[in-house]
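The feature active site is assigned by TrEMBL to Glu262. If you look up TrEMBL, you'll see His261, His265, His367 marked as Zn(2+) binding site. According to TrEMBL, the feature transmembrane segment maps to 29-49.
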Amino acid sequence: SAQSPILHSCSQTQPGQTHRIHNMAASEYFIAALVFGVVSFAFTSGNFIHEDDETIRHVYLEPYHIIKRRSIDQPLRISLDFLNISSLEDPVKMREVLEHAREYFSRTIMVRKTVSKILLQRKCLDSNFFLKSRDGTGPGSVRFCRNACNITRYLCGPIEIPDRDIDQCRVCDEDGRSCSNDTSPGLTAGEGHINTDFVLYVTAILNRNCNNTKTLAYAATCQQESSFDRPVVGFINICPDKVTARELRTGYGEVLATIKHEIFHALGFSPSLFAFFRNSNGDPLTPRLGSGLPTYDSSLKRYQWSTETVSVVKRSDWQTLSGKVSHTLHLMVTPKVREEVQKHFNCSTLEGAELENQGGEGTMLAHWEKRLFENEGMTGIFTQNSVFSRLTLALMEDTGWYKVNYQMAEPLQWGKNLGCLFAKNSCGAWIKVHKDAGQSIAPFCDITESFSNGRTGCSVDGRSVAKCNLINYGVTLPIKYQNFLRGSIPGVVKNEAQYGGAMALADYCPFYQGFRWTKESQSIRSSSCVSYHNNLKHEDNLALESYSNSSACFEQTAQWKKRRCGVHFTASNWGSGCYRYKCEQNSLKIVLLGYKFHCFHEGQVIKVLVEENDWEYQGQLICPSCQEVCYRSGVTCAAAIKPAPKNSQPIPKIHAVTCSHFSIHSSKILFYQVMLLFMGKLILS
């Protein structure tokens, strides 16, 4: 049987929120790092600042004017501090994943170089502090606690931070006078971290935030520097019961994508940080109070951002089963994000990139909208083949803290060039218009499991064998998510309002989704074409599939067959499969047993008859367009040739087989029933 892929959770931004990676949560820890930017506000050193959350801000590194002079052109240096990962089955492999993630961010993000050491600031006993000069005699940017420091060990995430990383306790009296260093034992400065721009504490502690069965890890920002509000300290906690040695071995790419996702949250992609974004000149996008902070919304437990960052937009023509209704959205409208999202969808009137509107705290507004950006790595749930696209890199640049290397962006095929109808309305509107015109409704689908008879297809990016995740919920969906008109679902004659995609975060829009093959309720492998671990045993591989980094999904016209000496086997699972391909000489070629079958045009049927180990294999594959597969290779595809030239395909040799001594020791070929268990209610933090 097949079940939906493991979901991921992430970093959290507010108490009780979760961000994503197999579903994340970081309950009591406020994942936003808020900081007071440099200022000439009417705020004296005798006025104290009250901390409204668990985040430490105003971390002094160097004077503002010195940092301001530096160009944002240095590769981001992340210091990995492994405090406790001994509970992992394979801590060595997990270190390798984190190192790969660190290398990725070093190649992707540039920052103003941090010259001074990073020392974590202490919490104050009553959460009140003053900003003073280093000697405490006048105004400045250094934190001095009012009356006393909190002597409780400081937590960044689920673990106490060692004294070696914590700064000196500095104290003033009630009125901000008599300021000095507290030299009591345990309150002096440690060594700190040098030659780094961001300190990431790594732990693997099984706690209540790991209770969700699909939570792989969670992360957050702990502290931000005082000049530009940039996060400088964060944590990631890996749930040891989920990141097993087997998961690291067979799902390495998924784990790595999850770790990247979490680090993106800690570096800037978080609602708790949106109010601290800056423009290209380093000026705050959100107005500041006299304290240097934005307005704090105690009901939402976050600092409120300006409409220059996130804008509320109302769509009055949202298409549903009941007609057009009003639908309110939140869009990220910063300059680079707006530019990239308009180019991606080919829609010049699009106001910005839509943020997730479901999933509750920690998911809502903390990710891209799943309906529009399906397998983008910063959506709220992992489904298949995550990519971190130009859009996510644009958001990082729009924080004002970073420049990005767009050459590191991965191509996002979902929604590309589909226009304003796709980007600004429901999937119901898209489905209706294309059905009325007799056109394909891709990237959405309308095939139920019972109607498909178990036949598989391909994901939109062509990197997974997939199933249409349309299901009957048994209850009427909310009006704005009723995407199918009456009579529009093949084989369904009533209750269309109960049908929707298994991913609620995608506004219940159905699409072809990868899954996991299972046998006797045990997960065997995923349907990702690019994972070597998904290769079948030779005796089970009736359709001659091949899983590798150079493989893609191709549709089949019928069940594949294998025969020898009057013995026949027919593949029980069919519809699509994974095969190696090459993009060469401006064309797409499917590689089977070393033979290259040339795809001349989309829809071309490749007839295969080959022999291996005295077994004869017979099947047919359907060519996608060259560009659909070769977009990742940078190949410029030649114009389609239709019909395909005659005698243009290889003719494999078929040898006569001596059958007198042939016997079948096993009359069964393993097969797996297709039973999709889509995890529609599990979200990533």
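Heads up, the Cβ atoms here are built off N, Cα and C, so glycines get one too.
Take the binding-site residues His261, His265, His367: by the count of other Cβ atoms within 10 Å of each Cβ, the lowest one is His367. When the alpha carbons of Glu262 (active site) and His367 (Zn(2+) binding site) are compared, the span between them is 11 angstrom. Within 10 Å of the C-beta of the residue listed as 'active site' there are 34 other C-beta atoms, taking all protein chains into account.
In this structure, His367 (Zn(2+) binding site) belongs to neither helix nor strand by DSSP; it is coil.
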